[in-house]
């Protein structure tokens with residue numbers, strides 16, 4: 001076993017990486033509120049795992065979406081648990097994200113030299129809210145349908161570009177199959193990809209700059 005480890009160590013310098021991770025200085029003022037970002041990340045990973053599991057059963061069509069969700073909840077093995085964990089972790093992710101933003105703001109974590117860390121964090125907050133909006137519609141029940149209709153209708157108040165923007169969001173003049181397809185694609189592919197990209201920008205900056213000091 002040691003020979004296998006030595007082989008990888010010689011090529012990847014595993015011990016140096018482990019030492020860098022475990023020996024990072026943590027300021028004495030850090031408390032449990034500095035863990036909110038990590039909890040948000042954990043919730044995101046739970047979302048990815050449970051969401052991926054549900055894609056095996058969910059059908060993104062206006063005629064089958066609701067019945068497929070019912071199948072997940074009543075017939076699929078542990079489907080009720082997976083969907084429930086997905087919903088609970090979604091709520092927890094939004095709550096932890098909001099508290100994390102407040103903590104960073106109140107402790108001055110957005111100030112020089114951490115401006116870019118703050119900007120990427122704000123983008124991640126917007127993406128988190130977008131997850132909620134797009135995911136809410138996927139069961140295609142009465143609540144989801146009317147929520148989508150209201151949300152996608154908001155840009156209509158914008159002069160000149162309002163109507164084209166609404167049609168872009170809905171995929172047509174009215175809410176229907178094109179809308180559900182768009183929201184499903186956003187929720188399961190576009191938003192997770194963008195979130196992963198911005199997290200890969202956000203965390204290395206935190207690692208490089210360290211935790212901000214007390215006010």
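Easy rule for this one: first residue shown is 1, then count along the chain.
Note: Cβ is positioned from N, Cα and C throughout, glycine not excepted.
From the options 90-110, 153-173, the stretch Swiss-Prot describes as transmembrane segment is 90-110. In Swiss-Prot, the annotation transmembrane segment applies to 32-52, one of the ranges 32-52, 53-73.
Here the C-alpha separation of residue 187 (heme b 2 binding site) and residue 202 (heme b 1 binding site) works out to 21 Å.
The number of other Cβ atoms within 10 Å of the Cβ belonging to residue 202 (heme b 1 binding site), over all protein chains shown, comes to 21.
Taken residue by residue with DSSP, residue 35 (heme c binding site) is part of a helix.
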